[in-house]
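To keep things clear, I will list the structure first and then write my remarks on it.
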Amino acid sequence: MAANMYRVGDYVYFENSSSNPLLIRRIEELNKTANGNVEAKVVCFYRRRDISSTLIALADKHARELEEEMENPEMADLPEKQKHQLRHRELFLSRQLESLPATHIRGKCCVTLLNETEALKSYLDREDAFFYSLVYDPQQKTLLADKGEIRVGNKYQADITDLLNEGEDDGRELEKLEEKVWDPNSSLTEKQIDQFLVVARSVGTFARALDCSSSVRQPSLHMSAAAASRDITLFHAMDTLHATGYDMTRAIAALVPQGGPVLCRDEMEEWSASEANLFEEALEKYGKDFTDIQQDFLPWKSLTSIIEYYYMWKTTDRYVQQKRLKAAEAESKLKQVYIPNYNKPNPNQLSNNVKPALMNGAAGAGVPGPPGSAQTPGLGRACESCYTSSSYQWYSWGPPNMQCRLCASCWTYWKKYGGLKMPTRLDGERPGPNRNNMSPHGLPLRHSGSPKFAVKTRQAFYLQTNGLTRITRRLCMDIIRPRYLARHPYLPVNTAAIKAECALRLPDRPKKPLPMKPVERKPLESVVRYLEAHPCPAKPDPPIRGASISTGSLTPIKASPILNNGSPTILGKRTYEQHNGLDGSKSKALAPQWDIMAKRMSEAARPSASLQDEVHELD
């Protein structure tokens with residue numbers, strides 16, 4: 001019951017999409033709508049995948065600077081996998097508020113300000129634990145450091161001087177360390193001081209009557225007298241009395257100099273009504289974050305002026321009224337809400353009705369069966385995150401045309417933390433399947449202005465194998481089946497089983513290397529002369545569509561679509577030319593049958609026996 005009870009201030013998961021990661025929010029208010037539903041007013045937290053790469057670089061730079069200040073090499077000592085997962089635990093606080101249905105809550109989590117005294121690995125040890133250190137503004141697209149840090153360390157502590165012994169003199173110049181502003185042992189009595197303060201208030205009231213701007217703000221005598229009784233007037237009177245050596249005659253003369261009475265005004269009088277309204281609006285949005293209040297609402301005011309006005313504003317009736325209104329609103333709002341567990345099946349669940357077939361060398365992946373046999377799309381595909389091939393439940397993940405899937409454990413990790421468990425590439429470990437077109441956050445990369453997914457560029461590469469791999473190809477040829485794999489290039493190969501079998505056969509291999517068939521190649525000049533003497537015959541143009549073909553043997557073959565539902569990667573859904581970015585000029589529907597017809601028509605023009613002999617000589 002307690003796990004399903006959500007209160008104001010809780011950090012919760014919200015689900016807005018069945019396939020996207022859960023949103024992380026903090027409940028600020030729980031309101032009941034007119035139709036009886038409950039809405040939650042929440043503060044938004046953003047993940048790294050939600051902000052631009054430029055801001056991600058700034059966040060990483062801030063993290064490195066923080067490490068250098070703390071002199072803590074813990075992050076550098078973490079394995080690559082834990083670094084990858086730790087990035088999924090980082091959030092960015094925002095000031096953005098939004099209202100979401102309470103029925104979309106999917107559980108609780110814990111979000112804390114990054115604790116400098118706590119090990120980073122501790123966040124990975126705790127389930128549903130996140131941290132933040134920066135504030136993200138979705139409108140301005142900026143990152144700012146949060147001001148709520150706790151300053152821990154020797155450089156933030158005061159230096160305590162040694163205790164002086166009895167009779168020991170203090171060598172410091174005390175006149176430079178302190179200034180005397182009031183003498184309680186003066187010759188004036190308490191009654192005389194009170195009378196002088198009354199005179200100072202009267203002078204302040206008269207000064208406000210002479211000031212035009214004050215007359216507009218305090219049009220009545222009562223308001224002017226109240227403003228003159230504020231602390232700023234009393235402080236000025238006592239400072240004047242101390243400066244004149246507690247001489248009443250000189251002090252009164254100082255209150256009314258040659259130019260007129262002295263007017264002392266504090267921040268409450270200096271601020272206009274519109275500025276006061278802006279301050280109350282900013283205080284409602286940012287709380288006591290005076291730096292943000294100054295930047296966004298009152299940039300022409302100094303930070304000292306804003307803080308001083310705040311503490312004076314708290315003594316006014318306006319503050320008391322707002323406090324009472326907020327208390328009344330809080331009484332009418334919900335304190336907590338009960339949300340039952342969400343048990344509806346996820347639309348991304350895949351069916352587990354079909355048993356997987358055998359993979360090369362071991363069980364676990366799909367091998368094409370006889371022609372006409374039905375296959376389940378994605379059958380035999382490994383998990384995109386942990387590469388496992390067995391799970392009690394599978395979930396489709398990524399774009400539909402890629403047919404990727406995640407196991408149950410990795411799907412839960414994806415929904416909670418917004419990423420995959422494994423990084424794109426670990427040291428000494430192969431990259432996961434289908435990761436060429438994926439970004440670090442698990443999203444497909446796109447070209448700017450193009451709706452197609454990013455494919456491999458037309459760049460040449462050279463794949464070099466080591467000696468052990470070449471020996472394994474010879475020793476385990478019955479398991480690898482290179483001729484079969486050449487015709488099915490998209491089937492996965494169980495390298496673990498092949499390595500184990502090679503380790504068993506390697507001691508029994510023959511000491512002499514297997515004989516290689518010598519290949520004698522003709523020089524390039526002879527090949528060029530032959531090609532010049534025997535140019536390639538022009539290919540006949542295909543007949544116009546719809547025209548009758550009289551040749552009886554030329555029967556157009558009906559083009560059947562090529563099905564590749566059992567392919568374990570995205571390559572199985574596209575041709576080689578499409579995957580490498582080559583644009584084919586032939587029509588997809590007509591290419592198969594007209595190629596066959598052209599081949600049959602060219603059979604009659606085959607080279608003679610002597611020409612074939614020349615060909616064999618060149619070979």
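Heads up, the Cβ atoms here are built off N, Cα and C, so glycines get one too.
Unlike curated entries, TrEMBL annotations are predicted automatically.
Feature list (source: TrEMBL):
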- 4-147: domain 'BAH' (DOMAIN)
- 148-259: domain 'ELM2' (DOMAIN)
- 266-318: domain 'SANT' (DOMAIN)
Structural state census, the domain 'SANT' (266-318) (DSSP three-state): 38 helix, 0 strand, 15 coil
DSSP residue counts for the domain 'BAH' (4-147), split into helix, strand and coil: 43 helix, 61 strand, 40 coil
Tally of residues which DSSP labels helix, strand or coil - the domain 'ELM2' (148-259): 63 helix, 0 strand, 49 coil
